[in-house]
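Some notes on the structure that comes next.
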Amino acid sequence: MLLTGFEPFGGDARNPSGDAVLEVARSWSGPERLVTAVLPVAFEAARTQVRALLAKHRPELVLAVGVAGGRDALSPERVAVNLMDARIPDNAGARPLDEPVVAGGPAAHFATVPVKAIAQALREAGLPAAVSHTAGTFVCNHVFYVAAHEASVLNEDHARAGNGTETRGQVRVGFLHVPWSAESVPAGDDDTTSALRRTALPAADLARAVSLAVRTALDVREDLSDSSAGTLH
């Protein structure tokens, strides 16, 4: 399987998503082969790396991890949208506005991992978690969409090769947004930094959450059938 996080962004010293992924790689003891990568926070460079990783390793599971500062819960993402709309430049200085991730691609790709089951497993482990219906329009959503789109192409090729509805060998894709880690919140007393500090989780909990999300995605093929992720609006 493939597990990715991100490099530091915008002058930050650390990125808790990359830190968590590297910690999971160090402690991984599962029988499955785990490939990890820390991606650039840059639209085109991240796209290139994700495509190369999928082409090289052809993983049966891809879980990308990114940080969503200010969120008060771990967020398995349900949908990636075909839109780049950057409020600020990425690490390469690019700032695409109202552009598709993949020209001519579907408006959205849904996660093919069990997002409700992942959220429930995290909550049962004592961690705050809730399914999210938006991965944003920055590089996190971009990576999620690119991975899901590439997986859909690979899966179509798999089916055309005579495998029909056989699920073995197909690529499943998910994305997990995490809050800042308590150890990596930038210094400062402004409102934004204070909000990050209030919602931060210990780095050890983030690594535990990522590992548990991976294990749940590997073990659970059919998601829960309940209203736990529904909304009232």
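The backbone N, Cα and C atoms fix where each Cβ goes, glycine too.
Other Cβ atoms within 10 Å of the Cβ of E77 (active site) number 25 in total over all chains. Under the three-state DSSP scheme, E77 (active site) falls in the strand class. Per TrEMBL, active site is recorded for E77 (among others).
Cβ neighbours of C140 (active site) (same chain, under 8 Å, six or more residues apart in sequence): F6, A64, G66, A68, F175, H177. Annotation note: C140 (active site) sits in a helical segment as assigned by DSSP. According to TrEMBL, the feature active site maps to C140 (among others).
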